[in-house]
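> Can you keep this structure in mind? I'll have questions shortly.
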Amino acid sequence: MAGTTTSPAPAPAAGVPRAPLRVRVLRRPEVGALVAALAVFLFFSLATDAFLTPRGVASWLESAALFGIMAVAVSMLMIGGEFDLSTGVMVGSTGLLTGVLATHAGVNLWIAVLASLAAALAVGFLNGLMVTRTGLPSFIVTLGTFFILQGLNLALTKAVTGQVAVQGMTQVAGFWDARWLFGSSMAVGPAVLDVPILWWVLFTALCTWVLLRTRAGNWIFAVGGDAKSARQTGVPVVRTKIGLFMTTAFAGWLVGMLSLFGTTTVQASTGVGVEFVYIICAVVGGCLLTGGVGSALGGALGALIYGMAYQGIVFAGWDNNWLKAFLGAMLLAAVVVNTYVRRRAETAGAASTEHTDPADGGGPAEGGERG
Amino acid sequence: MTSPTEATAGGKPALVEARGVGKFYGNVPALTDVSTAVRAGRVTCVLGDNGAGKSTLIKILSGVHRHDRGELLVDGAAVSFSGPREALDAGIATVHQDLAMVPLMPIWRNFFLGSELSRGRGPLRRLDVAAMRATTRAELLRMGIDLRDVDQPVGTLSGGERQSVAIARAVHLGARVLILDEPTAALGVRQAGVVLRYVARARELGLGVVFITHNPHHAYPVGDRFLLLSRGRSLGEYGREEIDRAELTRLMAGGSELDELAHELDRG
């Protein structure tokens, strides 16, 4: 972390041996995604002219950024052993709520922005509460939330505005200030990068830090890896899971704001159908569907692969339906690799206990060891 | 056989003592009038077949259940635990059969799970990874476990090694009394031997150990005292000098079941 003044690495660490670098690198869940991202990058760099130009880079980074923020949050949730289908539609809900409050209810824009944040966190809290209290699979609970929000988005937007989109945002007082925060761009060398890319990088860094260097991160891995063991050792399982659902809801709000202020409008159908893209990004990034394994960086890399493929296919002039086929293939490859890696991690121990030879018989050899 | 009062002989009170404890589930007696004492640097083996009341006794000692009859004493003072946390605070740690470990997490993260060390303050409060890794390594070495790499997932360890890590964790987190619930049950002979070595090590470190097992061959090498349970009742508590392995096996199997058991054991 930048800005830390405490000196790291106290003396006792010196004596603890570490595995060789090669082993430690291969142990990281995002290694596969990193290799795949490099391959996709090289492929489109060589296959198309536009991919490596400053404008080209800015375009695929921008595509990756909006998906990446959500993919990182979904990765954290998946590591914690849960699933959220209401993530995509949350982007629409928060954008619509902010827009409708500001344009039709005359609410101060910043208050509208905060109100939609509060609403998103409340939905995340309820998702988490229902999942932890009922013990139902989060797939079902959030499928319900997904449909409720999807219905509300359309019905309420139509009822209030008479249309299926929010219009007139640019006339709202304070819009340009908020756009500076959520929707501006800046020149970085020859490229013009949109501010969502910055949000994406910051959010990924923050989540990586939380996962690897805080108690909460330790608990996230534990509740996803083995909730019963986590409970036995005193980990607050319910609080951790609710926090994770609120994190994905927060990410949905952030992407909602970035979309609203980036494009000045939100459709009532925004975000429907993309929840699976987030999940694919997380799995491609090395998250295990059953929880306990994964990384925030992996989710970000999954989104990067998605962004590069999305724009690369456009640059190559191909039919963009190839994107879906490509995503599906990536998903399957990732699932197979992840499952193989986990099986190796979980059963290596069991395999070594099988070496014991029953022919040794009788009692343990330690019989005469007592002093 | 010894009477319960002998447990307090020798001046210092036992770490934990049960005096005629009993437990009912509804109207069904699960445990009736069982007495035993756990002393520092001694291993008390609790032997019995399935349904003998071993689990009930552990649950009372570890604070999961409250006893309905008799007395439970810690350092000579009567207690009644309202939960496992209280037992833990009194220094009584239980290593359950499932070990409370997350297989996919590194050893050092498992070792400190729920009791993580932090440094820094406010938003910069973060895990003290270096200290946790070093402590894990040191505590495992103290138990005589030399694992090359504390970053490897617990799932890659053998069953015996995993038990040993769980025992080392309980010791590090301040246990004075260690309750081991069938630590050798799911293990092969060699792996069971590994665990027994760590049971002996915990005893040498001055802990009082309660070792639950249904295998007299595992109990005899490490035990100082042997409490035999059958159908919720005590068949008596014996000192090591009062009983030999054959007698222990015979008592545990009991009457007609003995032939079958002897046959089973003879195959080796």
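Quick reminder: no glycine exception, Cβ is built from N, Cα and C everywhere.
Caution: TrEMBL annotation is automatic and unverified by curators.
Checked TrEMBL, it gives:
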TRANSMEM  A:31-52  transmembrane segment
TRANSMEM  A:58-78  transmembrane segment
TRANSMEM  A:109-129  transmembrane segment
TRANSMEM  A:136-156  transmembrane segment
TRANSMEM  A:191-212  transmembrane segment
TRANSMEM  A:242-262  transmembrane segment
TRANSMEM  A:268-289  transmembrane segment
TRANSMEM  A:322-341  transmembrane segment
REGION    A:348-371  region 'Disordered'
COMPBIAS  A:360-371  compositional bias 'Gly residues'
> Same chain only, please: residues at least 6 beyond the ends of the transmembrane segment (A:322-341) with a C-beta under 8 Å from a C-beta of the stretch. Say none if there are none.
29, 32-33, 36, 277, 280, 283-289, 293, 305-306, 309-310, 313
> Residues sitting near the transmembrane segment (A:242-262): Cβ under 8 Å, six or more positions beyond its termini, same chain?
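Long-range Cβ neighbours of the transmembrane segment (A:242-262): 65-66, 69-70, 72-74, 76-77, 80, 82, 84, 86-88, 90-95, 98-99, 113, 116-117, 120-121, 123-125, 127-129, 131-132, 166, 169, 175, 178-179, 181-183, 194-196, 199, 203, 207, 216, 220, 270-271.
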> Could you check if the transmembrane segment (A:109-129) is in contact with the transmembrane segment (A:136-156), meaning 3+ Cβ pairs under 8 Å among residue pairs at least 6 apart in sequence?
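Yes, the stretches contact each other.
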> Give residue numbers and ranges for long-range contacts of the transmembrane segment (A:31-52): same chain, 6 or more residues beyond its ends, CB-CB under 8 A.
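Distal contacts: 25, 60, 284-286, 298, 301-302, 304-305, 308-309, 311-312, 315-316, 330, 333-334, 337-338.
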